[in-house]
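*Asks:* Take this structure first; my questions come after.
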Amino acid sequence: MRLFYRYVLFKMLAWFLLLCVQLMFGWIRASELTFELPDNAKQCFYEDITIGTKCTLEFQVVTGGHYDVDCRLEDPDGTVLYKEMKKQYDSFTFTASRNGTFKFCFSNEFSTFTHKTVYFDFQVGDDPPLFPNENRVTALTQMESACVSIHEALKSVIDYQTHFRLREAQGRSRAEDLNTRVAFWSIGEACILLVVSISQVVLLRSFFSDKKTTTTRVGS
């Protein structure tokens with residue numbers, strides 16, 4: 001009986017290690033990056049894709065200005081597959097029609113003094129199956145089904161963590177910007193109140209100050 005439990009425990013550990021390796025390979029297959037895009041600037045990225053591969057481009061402006069940016073995606077022949085102007089966030093899925101290097105660019109050329117922080121996730125292809133025989137006709141074992149469910153749940157957790165991390169960064173940026181504006185507004189109000197108070201004191205003193213009169217004696 002102990003040997004049976006040890007066997008089950010060893011098998012579960014082996015499936016867990018395989019799950020971790022699959023997740024690592026899943027991360028490698030995707031390009032995920034957060035970068036700063038200066039004002040009047042344009043940044044392009046390139047990816048080699050084979051024909052028939054399904055790809056997904058997802059981006060979001062984290063900080064800067066009105067949280068918008070221009071995005072453009074081109075195939076190896078220069079044909080525009082996707083083009084949007086002043087978008088805060090978006091997602092686009094396509095299937096490569098030919099082999100070659102695809103280019104996608106983010107532009108902040110319409111902004112004259114505000115730089116942006118942009119996040120994008122470019123996924124190329126589908127995730128490989130967790131098990132080599134996952135697409136077989138026969139049903140999976142209970143342990144294999146549990147591993148597949150855990151694998152899908154962990155991927156969902158990673159997506160949710162990324163989403164909430166971006167929302168937290170965007171909210172923090174808005175709060176810091178609002179705090180800076182409130183601080184400058186408070187300083188401006190304090191200066192105006194100081195100037196008005198000094199002006200009122202000087203004006204009131206001028207009302208109650210004694211006016212000196214000079215008399216001139218005319219001799220006969």
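We count from 1, first residue shown onward.
Here the Cβ of each residue, glycine as well, is placed from N, Cα and C on the backbone.
What TrEMBL says about a protein is an automatic prediction, not a curated fact.
OK, TrEMBL features for this one:
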{"type": "DOMAIN", "residues": "42-124", "note": "domain 'GOLD'"}
{"type": "TRANSMEM", "residues": "182-204", "note": "transmembrane segment"}
*Asks:* What does the DSSP secondary structure composition of the domain 'GOLD' (42-124) look like, as residue counts for helix, strand and coil?
*Replies:* 0 helix, 56 strand, 27 coil
*Asks:* Over the domain 'GOLD' (42-124), what is the model's average pLDDT?
*Replies:* 90
